[in-house]
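Q: Checked TrEMBL, it gives:
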type: BINDING; residues: C:Thr57, C:Val216; note: pyruvate binding site
type: ACT_SITE; residues: C:Tyr145; note: active site, proton donor/acceptor
type: ACT_SITE; residues: C:Lys173; note: active site, schiff-base intermediate with substrate
4 protein chains.
Amino acid sequence: MTTTPATERPPVLDRGVIPPLCTPLTPDGEVDDASLRRLVDFLVDAGVSGLFVTGSTGEVAYLTDRQRLHTLRTVVDAAAGRVPVAAGIVDTATRRVADHARAARDGGADALVATAPFYVPTHPAEIRAHFRALRSATELPLLAYDIPSFTHTKLPPGLVAELADEGAIDGLKDSSGDIDALRSVLEAVTAPRFRVFTGSETIADVGLRLGAHGIVPGLGNVDPHGYVRLQAAAEAGDWAAAEREQARLRALFGLIKAGDPARMGPYSSAIGAFKEGLRLRGAIAHATTSTPMVPLDGAERAAVRDHLAAAGLIEKGTA
Amino acid sequence: MTTTPATERPPVLDRGVIPPLCTPLTPDGEVDDASLRRLVDFLVDAGVSGLFVTGSTGEVAYLTDRQRLHTLRTVVDAAAGRVPVAAGIVDTATRRVADHARAARDGGADALVATAPFYVPTHPAEIRAHFRALRSATELPLLAYDIPSFTHTKLPPGLVAELADEGAIDGLKDSSGDIDALRSVLEAVTAPRFRVFTGSETIADVGLRLGAHGIVPGLGNVDPHGYVRLQAAAEAGDWAAAEREQARLRALFGLIKAGDPARMGPYSSAIGAFKEGLRLRGAIAHATTSTPMVPLDGAERAAVRDHLAAAGLIEKGTA
Amino acid sequence: MTTTPATERPPVLDRGVIPPLCTPLTPDGEVDDASLRRLVDFLVDAGVSGLFVTGSTGEVAYLTDRQRLHTLRTVVDAAAGRVPVAAGIVDTATRRVADHARAARDGGADALVATAPFYVPTHPAEIRAHFRALRSATELPLLAYDIPSFTHTKLPPGLVAELADEGAIDGLKDSSGDIDALRSVLEAVTAPRFRVFTGSETIADVGLRLGAHGIVPGLGNVDPHGYVRLQAAAEAGDWAAAEREQARLRALFGLIKAGDPARMGPYSSAIGAFKEGLRLRGAIAHATTSTPMVPLDGAERAAVRDHLAAAGLIEKGTA
Amino acid sequence: MTTTPATERPPVLDRGVIPPLCTPLTPDGEVDDASLRRLVDFLVDAGVSGLFVTGSTGEVAYLTDRQRLHTLRTVVDAAAGRVPVAAGIVDTATRRVADHARAARDGGADALVATAPFYVPTHPAEIRAHFRALRSATELPLLAYDIPSFTHTKLPPGLVAELADEGAIDGLKDSSGDIDALRSVLEAVTAPRFRVFTGSETIADVGLRLGAHGIVPGLGNVDPHGYVRLQAAAEAGDWAAAEREQARLRALFGLIKAGDPARMGPYSSAIGAFKEGLRLRGAIAHATTSTPMVPLDGAERAAVRDHLAAAGLIEKGTA
């Protein structure tokens, strides 16, 4: 028997749609295992290439360590090797993130996704040291997670390339919306196995066209088939089809504005809408979100329903 | 035997200087117990009115849960009831903060200090729900911690007053630097037992003059006697003396700029300088800071030394 | 006959209340000369120490060059030497500001007030060169105007001190709200004739206590007597009286929130409220503001009226 | 004789490359007419579709009204009808911008480009009123200029579409870098004659692919032929060629980092580099920039030269 050396095998997260899973909750705020397993099947059956748990869409900031690990273990078990599972290891600084890295490895994660330090404002030299230290703390593939609207730090493209080329990181999840910087990373990295995923729901086709390898769209919870079609069209070089699918998904993405901005923040609105969408599609049982997020009210949920109906995901009038 | 009802006793954190302790580390990054105990004695002997552990100055964002709890237990043990001990319960959202609250209660904390949620941008309605939920999670006195340079949310004065008057919070630690907003809180709160502490090193006298009850100065690690004198002068109504002491402390505070901004962020510089100052004063053994913070180099440490010498805290030429 | 050398005379703007005049407009948007003259008398009679025209409160950004100069000439004529008149020379960069400086000199201004360059983001070295070039362009006393919420640049205290000590600027109007930085300027400047004015309506007493020489409060249009009393109390060292007056003015300042934030920006609300207040007090004929500012509606104007009545400035029920 | 109705003629600015002209200056800071005329010929000969004077790249914020008008008149005269000339009418608020609009019309401009109000923070309702008022002030085609890094206001795509569809604006120059918002505008506008130009040097191909009609690149001063090739490839649907040209231009664009950020702001660096590039190519006589911009030093100018040589625009070693 021979084995393929790691460097000749494709990366664990190679290409394709890797949705950042919503974390279904019971009405009393615990992880809803049955719904989570149903969601995994819903996504895998739609053809996604991997699952990303405890990311920003998964309410990672609102879950306890116990809940994060439980979510990961449940998804790993439900995925049953059909697709790889990446775990968000999101915390304020290195030692805490390294603790999550070890827990996620023990929980069966295939890959890890870590942001720059946050809370304390951080210098590029500190971000560099952070990722190098994380590399020392785990053998798992590690993606840098660039989400400046949450961390208040934009990962400089030159630093991403430096970390990529020295092997400190294996990929990038870019949720910055900064297409120019995304392109700079794609130009600058020379490591052949480095992978770049766009976290954008609305300009994913642009990212793929520029050379990104895959998509990590929060809206991919609600309409995974759409993103799988988009990715397939892109892989086939059929950009017109990719753009048409993207246009449909852009319209659907309007559901994130369901919540009244006078009553709640945009995150409560968006995650509430994703979960209501999943509930309407039968993938999860409850649209409950974490304390202290504000739940959608009846009119707001109806707006989500209208978006799904317009996109052809549910029958008009479904409740 | 009779006991005084809680509402007739002074609040646990009533007035005075409550330094946010630096967390001394060994060269390999673990909590340095012996130094921590020495630091407690140094501060209590200087006349502080309380100790605040695992705050922003205490590298809370860089400490694991285990290290946070260990730090708290060690300080509670070392303080031995001489002064109350407040614990920072700093994390991204409610459930995680509530877990810290329970751990801190079990670790012997006398009071808790919690920020608004961070990482995910947060709406005032969500901040309100956050503090109400924290109140339900613990019996300990709870201070809201307003540090917008880290959380990227300014606690609105009206919301602070609302939470104060309904009893959801017992005090405010204001590290915003916004004197107008501080004054608005002091005007708006009617709850007689509500306490306001300024986190400013450099305009602490202004805060006290406006009615704040005490000071939580990071620089109070290095020069607790100075802040105790400042507070005493203020309590005595001797504002000229308070201002003179403040002027001296303002000059000393220049040490936070010891680190080269091309090499490190301002937090690495400030905390590195506080720790080097404590080391020079003999209060701790090592100036080690957490990964991925950048340590001060020789010239930068010399600049700290010069500041301490100029302030009369060490002999000139001390190494 | 002997003359006093300039360096032995007090600075043109020495101390006291120097309100930034609202610019009264006719309903069709032209400068309302009669109202402007009445406003000058209202303020001078109240005991102000100078008049500041075409500042931010004066809608300088909305006035044409012709209107700016007309406003200045009218005020200089109406003041008739009773108090000095300073002119805001607010524009994007040096050559344009220098043009305003020459026009203001020709229009009779006694002093000039200039911001850092704005629109193009600016480096401290460029700000330094800007003020040095302005100094070369005029003989008039020149105040630096620090209003980072409008210019998006905070004047660094060290740079202010450097410009002060080399004679490039003669004073500072600080509308930053940053008390720590204000204090740094007051500590750092050695030039004995340098003057510092706080632009704050709500912590003016704090500024004076720290050593500022005077106040430039937008609300001073509506209640000049209050600020004159506040300044007088401060000059007399009666800080308790200063704080009482400040508390009264803080409550009155609530009128700036009269406008609905769903309908207009905070500037439309604040300036609209100042002008409505002046109209109610009989100092100007119309509360008209410049295009494209949103005017207050009836309910919003009533809220202004209530504030004035509560402050004892008008009879309750006045319309 | 018959005339074609305006609505059947193509818009004045229809498609193609419309470089925002640098404004050449003599060493003493006046407009260098001979260089300006040479620059016009250089650009027109390269095949540009229009000329945009007194834009952000043209140092509009640093030019006096007289210099702005002189620049426009000179360019109109030099263009001699070969291509249309658009004029930036950049100022803080409506009346001032309307004055520039009238001056530009008198100066021969074919179209106008106006930002949202700046200096005073502005509400969407105020931006709406601003553009409506500008429409009333002139008959010329009017483009909205979205440059939030300078104005600190992002034009909301929905508002742009509303203004477009009611006829208040005829086009958009998008210098926001926000591809998602650009796409939203292109989706939302229904007015068939509305035109969208991207101000990006580095993702211009992306903008064109999404449906933008043309490019307004500052770097198009230095390498107009490159952008003309890029636009032509895009018009021909040869996206691979467009991307190759874009990649070449992206590398060249590195010249904007020639200036040392410790000595100057990014604008001094970028405009200094553009002008040095034009000087090296023989299009203008001096690389002088406006007070208080910091000039490039010898090493920085050499870096510009290296960039031009690497891009094949000058012989290596040219000085």
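Each residue, glycine too, has its Cβ placed from N, Cα and C.
On this model, are these features tucked inside or out on the surface, and what's nearby?
A: C:Thr57 (pyruvate binding site) has a Cβ environment of 26 other Cβ atoms inside 10 Å. Look at C:Thr57 (pyruvate binding site): DSSP puts it in coil.
Every protein chain considered, the tally of other Cβ atoms within 10 Å of the Cβ of C:Tyr145 (active site, proton donor/acceptor) stands at 28.
Taking the Cβ of C:Lys173 (active site, schiff-base intermediate with substrate) as reference, residues of its chain lying under 8 Å away and at least six apart in sequence are, in sequence order, C:Phe52, C:Val113, C:Leu143, C:Ala144, C:Tyr145, C:Asp146, C:Phe197, C:Gly199, C:Val216.
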Q: Tell me, how many other CB atoms lie within 10 A of the CB of C:Val216 (pyruvate binding site), whichever protein chain they belong to?
A: 29
Q: Using DSSP and three states only, what is C:Lys173 (active site, schiff-base intermediate with substrate)?
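A: The three-state answer is strand.
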